[in-house]
Structures are given as structure tokens and as C-alpha cells.
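Comments concern the structure below.
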Amino acid sequence: MYGIEYTTTLTFLILLILLNYILKSITRIMDYILYRFLLFVVIVTPFVNSQNYGINLPITGSMDTNYQNVSNPEPFLTSTLCLYYPVEAETEIADSSWKDTLSQLFLTKGWPTGSVYLKSYTDIATFSINPQLYCDYNIVLMKYNANSELDMSELADLILNEWLCNPMDITLYYYQQTDEANKWISMGDSCTIKVCPLNTQTLGIGCLTTDTTTFEEVATAEKLAITDVVDGVNYKINVTTTTCTIRNCKKLGPRENVAVIQVGGSNILDITADPTTAPQTERMMRINWKKWWQVFYTVVDYVNQIIQAMSKRSRSLDSAAFYYRI
């Protein structure tokens, strides 16, 4: 009986010693692998151009924060940039290969060939009918013209912000604007907008609901019209529906992947609808050059600084759908 107990105890001790040996062997092997791996990392690290990620990056709800822990000096290599310009620039430059030249200049700033798209538009009024902004970053050049200053301001308000829009049936319903973010946006070849404010008995205030000639005209033959009326009041609306489409829109916030560069003019256009607030100049910039080559040279020279004031977004603007948050 004692012999069996001694044998069991001896077997247990042998297994314990064997297990201890195995564990020590595994530990030595792991230490060997770990030390070799760390040595490899130390040797290779100076030769690797990697992007470092901080542990405590702030989550702010905005992508505008400039993170200083990016070791790659060219953060825009995987992005696309659209540059919109009036067609008069092509006429003045009169060089069939000018886009290739500009592409090579963008390459010196870290934008590979094929990542920058140059798109022309006829004029502000035409561009207002159907602005389409599809790139990760979009820069719109607008040449200042005193005669089209208000058109430029409305177009800037449209493309620098995101809008959520619904159709309006003005033949059946009255409409009212609920707050400052609520606007009526009209687009078309010719938009003439007339409104008649109503009292609580749905009678016209200073106008007759049955006679559109007594309505108050707020836009005349415009291609783009952003209408702002007194909030909380019902309105009967008259629009030239054969040449214009009107939508009830809500401004959701800034469209941060779009910037507008005003070419010329003494001051940057103010697109703020509320007269009690400071002028809205965020992502609104100005270049004072007479020649278009000078304008493009300046854009190339400062393109990365301009991009830093923007945020890369995947959503695009296609007003053909008249639904601005896509």
C-alpha cells in the first residue's frame, strides 16, 4: 500500500518537473522570437514612411481638426480634386495643352496626374441651373461681376451648404417657413416668384389670393432663386412652373468639401442671410489677378492650404435630382 503511494507521489513529481521544463523551454523560445522581432522593427523603422496614429485623437464631430501626428507629407494622394472655372479662361489662355501644363504643376504639390479634374462652365447663371460637384474636394472659381453679384452670392450659398429638399405643390397648398434654415429654392431657365402672405383666416395680407398680379414679386426671371420670407406665416405662391422648379428646403449645415474662390472684387461676397450675424466667409476666398494664368498659378501654389480649410466628403451635389444631401 505504501509502495503504491510512493509511486504515485514520484510520478506526480516527475510530471511536475517535466512540465516546469517545458514551460521554461517555451519561455526561452518566445523570448528569442520576441527579441528578434523587436530587433527587426528597430532596424526597419527608419526606412519606412508610415502614418502614425495617436492613442487619444479627439472625436469632435468635425473633420476639420488638423492632426499633427501625420508623418506622411502628402496626405491627398488618394483624393480627387475638381476645379471649376468660367469658359472665358480657356478663351484667354488660347493654348490646347494648358490643362496638361496645369496637371504637371499640380503634381509638384503632391496631386498625381489623373487626380485633378478641370471643368468649365459658361457663366454663373447657367452654372446655377445644374451645379454638379462630384470630387472629394471641389473648388469653384467665380469671376466677380457687379451685375451678377447677387447671383454669385446665391450660388455660393447653394453649393457651400447641404440642403434637404421636398417637392412643393403650390396649386393645392399654402406654405410657410418654420425657421431661418428653411428656404424655398427655385431653379430653371426663368424663375419668377410671387408670394401672397395670409392671415389666420387665409385672407391675403395686402394682396388677393385669386389675383396673382397683386402678389409680391420676390424674384424676377432668375435661374437660381433662394427665397426667404417671414417665418411662421402661410403664403400663397405663384411660380412660372413651365420654366422653373421650386422646392421646400432645409439647410442642414456646411458642405465642407466645397470652396469658392472669388476672382476680383473689393470684398468677399457675404452669403449670410441673417443680417444680425457676422458675414459668412468660411471657405470663401478671393484672388485679385487680371490674367487667368495668374489665377491658376495662385490656386496651384496654395492648393494644399485651401484643402486644409475643407473636409473630404463622399457625398456629392447633383441638383438634377434636386436632393442636395446625397
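Glycine too: its Cβ is placed from the backbone N, Cα and C atoms.
Per Swiss-Prot, the N-linked glycosylation site annotation among the candidates Asn69, Asn238 falls on Asn69. Record source Swiss-Prot places Cys244 in a disulfide bond whose other cysteine, from Cys165, Cys191, Cys196, Cys207, is Cys191. Take the CB of Asp231 (Ca(2+) 2 binding site) and look out to 10 A: across all protein chains shown you find 11 other CB atoms.
For Cys135 (disulfide bond), the number of other Cβ atoms no farther than 10 Å from its own Cβ, over all displayed protein chains, is 21. For the disulfide-bonded residues Cys82, Cys165, Cys196, counting C-beta atoms within 10 A of each C-beta gives the highest total at Cys196.
Local packing around the Cβ, expressed as the count of other Cβ atoms within 10 angstroms, is greatest for Cys249 among the disulfide-bonded residues Cys207, Cys249. Within 10 Å of the Cβ of Cys191 (disulfide bond) there are 24 other Cβ atoms, across all protein chains.
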